[in-house]
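Read through the structure below, which is laid out as structure tokens, and then see the notes.
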Amino acid sequence: MSTTRLLLLQKLSRSLLSNRKVATNAVGLANRTCASAPQTAFPTTFRPIRAFSTEAVSDEKPSGYHSIIRDSEKAVGESDKHEFQAETRMLLDIVARSLYSDKEVFVRELVSNASDALEKFRYTIHTAGEGEKDFTEQDRALEIHIGTNKQDRVLSIQDTGIGMTKEELIANLGTIARSGSKHFLEQVKEKGTTTENAQNIIGQFGVGFYSAFMVADRVDVYTKSSKTDSIGYKWTSDGSGNFEIQEAENVRVGTKIVIHLKADCREFSDEDRIREVIRKYSNFVGSPIYLNGKQANQIQPIWLMEPKDVTQDQHNEFYRFVGNTFDTPRFTLHYKTDVPLSIRALLYFPEGKPGLFEMSRDSDVGVALYTRKVLIQSKTENLLPKWLRFIKGVVDSEDIPLNLSRELLQNSALIRKLRTVLTNRVLRFLHDRSTKDPENYDKFYKDYGLFLKEGIVTSQEPNEKEEIAKLLRFETSKQEDKRISLPEYCNQQQEGQKDIYYLAAPNRTLAEASPYYESLKKKGIEVLFCYEAYDELVLMQLGQFLGKNLVSVEKEMRRSEKSEESADQLIEGSLLKTQIDELIPWIKQKLTGKVTNVKTTTKLDSHPCVVTVEEMAAARHFIKTQSHNMSEENRYALLQPQLEINPKHPIVKKLFKLTQSDPELAELLAKQLFSNAMVGAGLVDDPRMLLTSMNELLEKVLDKH
Ligand SMILES: Nc1ncnc2c1ncn2[C@@H]1O[C@H](COP(=O)(O)OP(=O)(O)OP(=O)(O)O)[C@@H](O)[C@H]1O
């Protein structure tokens, strides 16, 4: 077979193997609620007076109701007009024209800022010395409140965090180049203090706040710094070129952002819509979020907890949430590392068998990416390779910035690095399961082995291919009830055996009866039996394992025998060399257009002949999937079968005699032997095609009686 044709077949099989399209439903990830919720106690000082929301103005408040949002803030005195920095104006212009593909993410940005402000306050309180506690309401509850007002098309987001002074307002909400959070972190570094609180400060980029202008006609910010004796301010802008600052009364310590929504963005003044967005992006924000007085975020970020502190029930609940599923996890990989990247990962392997849509390569990878508890993307492409799409869970990495565009994220070198680290960890984990919990690993392999095989075929990394290959399991000619791994096979190889042999067959009975396996069986060489679809293609793709060639028994059969020339004369009961020299050209002539070569073999015992082709696995796959509309002539031209005959077999000897005495019957017999060998090789799509010629042969034979 020419190299080009061989490559063509291999390529064909590979693309078929990797492009199986079964269904294309995407798995929804993070839109489900969970039953149990950690309730945060709130202080009596914050008893609700009147809800901001039109949905919650009724006097009867549900139990657990808690809101601090009032619309009592009032701007007073002169207003200062300021111009946005030139870059800010440019950015506002871009943001207003929707840099983000989904407008709803502005909620995430503002909630993230609010959470950030709470973390800053927490940190400052924790790190300040006793005498330095220069803050008002130090012991206030740290919370985020969101109010929706459909009637007035207003959305408010208020936090009880660090707040801003007038100077901070101008610097933070007037410029972009300077990120307040970055500045704060720099101060933390200067102080030389690193605590968990400092690490928790979310936000490394400087455009989050401005995303509000994607949906707003006007944004008002009421803020009061938590420093003692601070006064309240109102900041207001329509996002064009200017903003105004005024003193304000009745402003609570912290920040309240009031968004006057554009007419076509009224959906964001709807409570249900906002709840949906919070659950999607901010459910794991560290502080409680109240939406119109009801707590809206429910689940603790359990991936940040110590693995030993998370109960199985918590895992089950969280898995169902992130996986949007109803089963329980089969394996759980919960780990953290800081080298080479900061990673907190909680990955689940489903108990249930893969659904049809998961089989499809079009389905999404089920792992969400967070940075410091803030969701960046729920189904993050490229975070894990496609073949690991059945894994559900969360990866939180402080090294990933809360970024502007998802497109940017997808092509990021950081994500690629993260993927390599995660993939290696998953492989190590599975390897560990296979040795420590072989029974459950075998079950996993039965259900998800196909994904591993896809990994071998699609991975571009030779090392990774080999690591995945270590996870494969096979029955062998010597192991009937147990599947073994490739390393185990290598360990128990006969001395001097250089290759790893495999044989594809639908079941054990057919594998053991295979003519291709006869000679290896005689020599006592162990052969891997591949019963499952794609096994042989995967091994063919793999090519080598631990420096040993993976060789199909058919290929071994085709390899030239050293003593071939003299074999026929040495073996008792065989046709003589002169007879063979007559028979072979005769067969070749009768099978013109079907075989490229005819030769003798000493590797057969009980079978009269076999057909060999260069790459049997690819050829078989081709016949099964691609050859239906091909003419017989083209099919043989592509396969280029070689017929190998056993010169000591009674049928072959009889065939030789018939060539002399009854050439017509001999021709029918030769053709039938070839057809049978093609069936035996799995190269005949539908064996019914042989019936006519078989009946013709029978008729001819029976005529003689
Ligand atoms: N709710 C708030 N409370 C206190 N300060 C705030 C609040 N929202 C914004 N700020 C200040 O305004 C700055 C600019 O906010 P912006 O969202 O534009 O950038 P960032 O939060 O620093 O970065 P990013 O949100 O892109 O990660 C913040 O760094 C912070 O100092």
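Cβ coordinates come from backbone N, Cα and C, glycine included.
The annotation ATP binding site is assigned in TrEMBL to Glu109, Asn113, Asp159, Met164, Asn172, 179-180, 204-209, Thr255, Arg406. DSSP assigns Phe209 (ATP binding site) to a helix in the three-state reduction. Spatially close to Phe209 (ATP binding site) yet at least six residues away along the chain are Glu109, Leu110, Asn113, Asn172, Leu173, Ile257, judged by Cβ distances under 8 angstroms.
The domain 'Histidine kinase/HSP90-like ATPase' annotation in TrEMBL covers 102-265.
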Ordered by sequence, the long-range same-chain Cβ contacts of Asp159 (ATP binding site) under 8 Å (at least 6 apart) are Ala114, Ser115, Ala117, Leu118, Leu142, Glu143, Ile144, His145, Gly254, Thr255, Lys256
Averaging pLDDT over all residues of the domain 'Histidine kinase/HSP90-like ATPase' (102-265) gives 80
